[in-house]
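Participant: Handing you this structure, nothing more for now.
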């Protein structure tokens, strides 16, 4: 029987560290449910000690998800570890993930600790955590750039104190596949008790090799856990992409010889959900989940695929969730058809009340555009008004007037803590006028650093999906809004971003 490769998803923790990718508790919970449907083995739900918001999100996910192991990150100190354990109390399967830097550069410049102090803190923290939960992961931050002799000592001590998983991060994406694979192999050979723990890889994509490095760590190094994110989401150039590493191992089972527990047919739904929640669009030619991933433009290729798909396709599109038969809904579609399509798309709403609310919004949209595509439905249920989070600001209605040669004017009605507010302003265009009207009342002081519009489907009556990125006091958030009217979508996106600025407490930055 082949070994199993453990898939550790850190979209909700490391992925969220991408500037602007912050998520609300309910958004995280919705994605966690999709990850459970995808059958990932471990979900790193957050960094419980970093903020009350992260603690609440970890606790909510731990109390809801039953199949996957739920993990919280923690620094190597008693306070962080105790906070993580508290957040994980409701979990069916709990893991605490402890990290401390071990490279000379990080120890000297960041921690201001000696190697001896780092070694002592490592073993003490694992010992403390082991008394709280049985499943402990230990990560020597910047492990790939650490002195091998010192790193072996730290890892040996961590395993001796009860660490069940040893994760070796390439924190800054410096590794090369062959070198990284040999590095993992060397550590496993030199650490005397290496067989007492599962070895894991965590690679960043700064040189574009996160997936290749992770696979080298598995094949050459003997790692049996890969840490990754949906769409490769993560700070800087991102993390190892879950969908790519999973399909590489599945498609080339002849080479890797490993089993996976992943339900790959739910990959596309997970990708779309993360993209629409964070506002980070998936590039068209992205492997596995990009819109062109299974498209053939060359006449020769098209002819070959029509005769036999395996002439130019190494995997089946439907195996990752693409469907050749798209069900198009419309205004005559009933609640049962809508609910069934939600299930097929991997969307789970908590209650009948939420389904009713989503269906009402679906019918409202169907009155405005004749055909409702999958992308429309996903955008609709990703809207924060369905998420259930407490919002300080909410969109009600908008009127805008624009005429050639005259300055556009907008009047908008929105709620502030449940009370209707009316505002109006002029601007350089209808979007500018609408957002100025909002800002004239809320006085957020935030700077807009990104405004982008994407058509959700391909026709002129398509919904527009707007992403607004705001920066204030060093914090960056993305807001996403969708509507057939781009001006309305822009206002919704702006409110979404404002709510995140209000709701998100400052966080402790974590690396890994």
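Each residue's number is its place along the chain shown, starting with 1.
Using the three backbone atoms N, Cα and C, a Cβ is placed for every residue, glycine included.
According to Swiss-Prot, the record shows the following:
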BINDING   14, 202, 204, 239  Mn(2+) binding site
DOMAIN    5-268  domain 'Pyruvate carboxyltransferase'
REGION    394-512  region 'Regulatory domain'
Participant: Counting by DSSP secondary structure, give me helix, strand and coil numbers for the region 'Regulatory domain' (394-512).
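Facilitator: Split by secondary structure, the region 'Regulatory domain' (394-512) comes out as 31 helix, 51 strand, 37 coil.
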Participant: Suppose we draw a 10 Å sphere around the Cβ of residue 202 (Mn(2+) binding site). How many other Cβ atoms does it contain, all chains included?
Facilitator: 29
Participant: Mean pLDDT, the region 'Regulatory domain' (394-512)?
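Facilitator: Taking every residue of the region 'Regulatory domain' (394-512) together, the mean pLDDT is 87.
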Participant: I'd like the number of other C-beta atoms within 10 A of the C-beta of residue 239 (Mn(2+) binding site), please.
Facilitator: 31
Participant: So what sits near residue 204 (Mn(2+) binding site) in its own chain, CB-to-CB under 8 Å and at least six residues off in sequence?
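Facilitator: Long-range Cβ contacts: 169, 170, 171, 172, 173, 210, 234, 236, 237, 238, 239, 240.
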Participant: Applying a 10 Å Cβ distance cut-off over all chains shown, what neighbour count does residue 14 (Mn(2+) binding site) have?
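Facilitator: There are 27 such Cβ atoms around residue 14 (Mn(2+) binding site).
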